[in-house]
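Undergrad: Just passing along the structure, written as C-alpha cells.
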C-alpha cells in the first residue's frame, strides 16, 4: 500500500514547493523507493494548454499527451520517472468531472456540494495516481498559498485524506519563508507562525517545516519555530538559497528531510545513493569554457516560458563541460534592430516553439543569419516551421511562402494544418499531443546524434510540413532526416554542408535529463564548442553520460 506526502506553501507564492517535491522524490528514489508526484492547481482552467505563457509559463507535455504545469517537468527531470495526465489536477478539471457526473445522474438526485463531492473527487484523483503508478510513496504538491480562497477545497481534501489511509501513512510538509529585515539584522519567524496557524485552523498539523532563507538559520531559531508551530526541532529543515536547483536535493539531504519524512511514514531509511547526483552538481559548479547561446523567442520577458529548453541546454553543457552563457533575444527586437546586430558573437542559436504571428519575421531573420553565417542552429516546433519558411523564401524561390496558420491566403503554404485538425473547433487539448515515433534517415546528422533507427518524441502542434513542397525542398538541398514511420509526416530536417543546422517538429526538451541530455541539445553544444579555440567537444562526447540510478 502506498504512503502519501502532501506539500503546502505559505507566506508567499512561488516559494519552491515544486522543487521541494521533486527533490524529495529524488531522495526517496535514491533509497530504492518508487515515487510518483502530482500537482493540484487551484485555477479554474481545465488545463494550462490555452493559458498565456506570460501568466503561466511553459506548458509541459506528458507522454500520454496531457498539457500540464511546468512543475511536472521538474518532477520528471529529478526522478527520471515519466508522469501522466493523472499527475496534473486543476480545480477546473475537478469541477468538470463532478458536473458531468451530476448531469449523468450519478449522484441519484442528491445536492452536489463542495463537501463531500468536490473534495471526494480530489481524494479520488490522488488514490488513482497511487493505484496506477504502483508507487511506494505518492507526493502531492498543492498549488497556491495557504490562506488563498482557491486552495481551500484542496486543503480540506488532504485533511480528509487522513481518514482514508490513517495517520501513519501520510505526512504533511509545509514550505515557508523566513524574511530577513535588514534594519534589525534578523530573520523573522512571525509570518511562518501565522502561516502554520492558518493551516492548523483547517485541521492540518504539519509534520515537517521547510524554511526558505537567504542566510543560515540558527539552532535557537529552529527551536523557536518548532515550539511555536508544534513541530520537533529536528523537523525544522532549513533550505537556503542555492546556486542551482540541482543542488537542492543535496542540501535537503544534508539537513535530514528524507530521514524525517520516512520516520513519519514508518518506512525504513535505507542507505542513499546520491554519488552520481553529487558528481553532476560538481560538474555544474566547475564548468569549462562558456558557450554563447542565443534563445530567440516571443516570450523572453518571462524565462519560465522556455523552462525546459533552458534546462535541456544546461544538461548538454554539463555533459560537455561547458558553461552556459544564455542570451535572451526578443524576436520582435530582431525585426527592429536586425539579426546580424543582435546575434553577433553567438556560438549557437535556438528558436523554440510558440504560436501566432508576433515575432515570426524576427525568428526567420535569425534563422537566415545562422544559416548564412554557419552558426549552429536548433529549431523546435515553430522553430522548424520558421526554418522551412526561411528556406522557401530565400533558397527555394517561393515568394510569399509562409504557414497557413499565419496567413490563410498565402500562395505557398509550406506549413499547413494537419488533416485530422480540419474539423477541430475547441482549442483546449485538441492538438497533436504526446509521444509519437520518428524514423531516422540513415547517413544523416540525426542518425549520428541519436544512434537509433526509431526514436520517440513528444509533440504539441496543429500544423505540419506541407508534402506538396517536399520534392522541391529536397531538390534545393534540404534533407528530411526524420519522418513518421509511414513517411507521411516530416518530423526532422537538416542542411548539408552546414556545421550544425537541424530543426524538429516535436519538443525534445521534454525528454532531456540532468544526467542524460537530449542528443539534439548535446549535438548543438558540441557544435558550439567547435567554434572555440582548442575545442574539447569530440573528446567529451566519448565520455558518455552520468548514470544516475
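From the backbone N, Cα and C atoms, a Cβ is placed for every residue, glycine too.
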Undergrad: Which one, 101, 224, 283, 292, is listed by Swiss-Prot in the same CTP site as 13, 148, 149, 150, 188, 189, 190, 191, 192, 193?
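TA: So the CTP site in Swiss-Prot includes 13, 148, 149, 150, 188, 189, 190, 191, 192, 193 plus, from the candidates 101, 224, 283, 292, 224.
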Undergrad: Report the candidate from 448, 458, 462, 470 that shares the L-glutamine site with 354, 382, 383, 384, 385, 405, as recorded in Swiss-Prot.
TA: 462
Undergrad: Which residue of 64, 69, 71, 80 does Swiss-Prot report at the same ATP site as 14, 15, 16, 17, 18, 19?
TA: 71
Undergrad: How big is the Cα-to-Cα gap, in Å, between residue 383 (L-glutamine binding site) and residue 507 (active site)?
TA: 10
Undergrad: Report the largest Cα to Cα distance, in Å and rounded to a whole number, among the residues 13, 188, 189, 190, 191, 192, 193, 224 that the record lists as binding UTP.
TA: 24
Undergrad: Looking at the binding-site residues listed here (14, 17, 18), whose Cα lies nearest to that of residue 224 (CTP binding site)?
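TA: Its closest listed neighbour, by Cα, is 17.
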Undergrad: Note the Cβ centroid of 354, 382, 383, 384, 385, 405, 462, the recorded L-glutamine site, then list each other residue of that chain whose Cβ lies within 8 Å of it, in sequence.
TA: 353, 355, 381, 386, 403, 415, 461, 463, 505
Undergrad: Over all pairs in 354, 382, 383, 384, 385, 405, 462, the listed L-glutamine binding residues, work out the largest Cα-Cα distance in Å.
TA: 14
